[in-house]
């Protein structure tokens, strides 16, 4: 998988240089700053996973309140503030000599916007890859989306020191509908149709759909890097420096969520998606807000785009860590669970 990801990144940058007009045209296929081709690929990624969800079993999610609490705390109480600190540290101090002074504030603002809202659609992919509980993942995403509608604007206003934040509601609503509501409805209709033809037929079709998710993920990587191929070649040093605080933030918050879940005796199938949701970013909303507040060519917009570029490869790396550490996690989980029951 690592090799395929690397090849897709290289292919995307090369195609972006060779066929810039083609990918510029694809990049302009947007509705409320949401790219339609990428949205279709995300559907192909997540619908095979959503088909497996039986909503009659959603009631079991209430037993996972510890995992939900950890994810909410990391998403809303840690991640935005830790990114503000990391942006201040790296952009204003460590990398200051190599960055344009007039863009420093804008870069930090873009990083904060990136961390202020948790991801929605892609977390279904990460959850599937780490064998996460799909019911927990869906309920956590729905809860985060509900909180985001209320908390995003005041949180960003607080961290950016702005008195009035214009939330791109069209982007927020379009993204939630496109990436959550419509795929869930389509998946459940497909599930009902397949089950009507028997359990064996259902399992057979679901097994055949699985590889399409991975293919769509790799195609998304090619598109994202092709869209920004010219920017990567034109400003490689700036992009690399902006990527550092994002990388630190991802590993910091995913690690924090993972360790807290282990300490609380949460099952690995919940801790995996919890840590991934805790570290992921709603980059469509971040990009749209950065453009509306600071302009298309601002440092804030560039910072959010860097988040788009590194989101998939970095989250795949975190998935690998979660999977490889399962035995270690469960050894601690077995020790933590009895003590929690005694308490």
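Each residue, glycine too, has its Cβ placed from N, Cα and C.
Given the structure is predicted, the values throughout are model-derived calculations rather than measurements.
Tertiary neighbourhood of the transmembrane segment (32-51): same-chain residues 26, 121-122, 124-125, 127-128, 134, 138, 168, 170-171, 173-175, 178-179, 182-184, 186-188, 190-191, 194, 206, 209-210, 212-213, 215-217, 219-220, 223-224, 284, 287-288, 291, selected by CB-CB distance under 8 Å and a gap of 6+ residues from either end. Taken from TrEMBL, the feature transmembrane segment covers 32-51 (among others).
The transmembrane segment annotation in TrEMBL covers 72-95 (among others).
Look at TrEMBL and you will find 107-126 (among others) tagged as transmembrane segment. Within the same chain, residues 42, 45-46, 49-50, 75, 79-80, 82-84, 86-88, 91-92, 99, 132, 134, 137-138, 140-141, 144-145, 148, 152, 155-156, 159-160, 175-176, 179-180, 183, 213, 217, 242, 245-246, 249, 273, 276-278, 280-283, 285-286, 289-290, 293-294, 298-304, 307, 311-312, 315, 318-319 sit at least 6 positions outside the transmembrane segment (107-126) and bring their C-beta atoms closer than 8 Å to a C-beta of that stretch.
Summarising the annotation, TrEMBL assigns transmembrane segment to 147-166 (among others).
According to TrEMBL, the transmembrane segment annotation covers 172-190 (among others).
Counting residues 6+ beyond its ends, the transmembrane segment (211-231) has Cβ neighbours under 8 Å at 1, 4-5, 8-9, 11-17, 19-20, 23, 26-27, 35, 37-38, 41-42, 44-46, 48-49, 125, 128, 239, 302, 305, 308-309, 312-313 in the same chain. Annotation source TrEMBL lists transmembrane segment at 211-231 (among others).
Look at TrEMBL and you will find 237-260 (among others) tagged as transmembrane segment.
Residues 32-35, 67-68, 70-71, 74-75, 78-79, 106, 109-110, 113-120, 122-123, 126-127, 130-133, 136-137, 140-141, 144, 148, 152, 156, 162, 165-168, 171-172, 175, 249-251, 253-258, 261, 266, 300-301, 303-305, 307-308, 311, 315, 318-319, 322-323 of the same chain, all 6+ positions outside the transmembrane segment (272-294), place their C-beta atoms under 8 angstroms from a C-beta of that stretch. The feature transmembrane segment is assigned by TrEMBL to 272-294 (among others).
What TrEMBL records for 300-322 (among others) is transmembrane segment.
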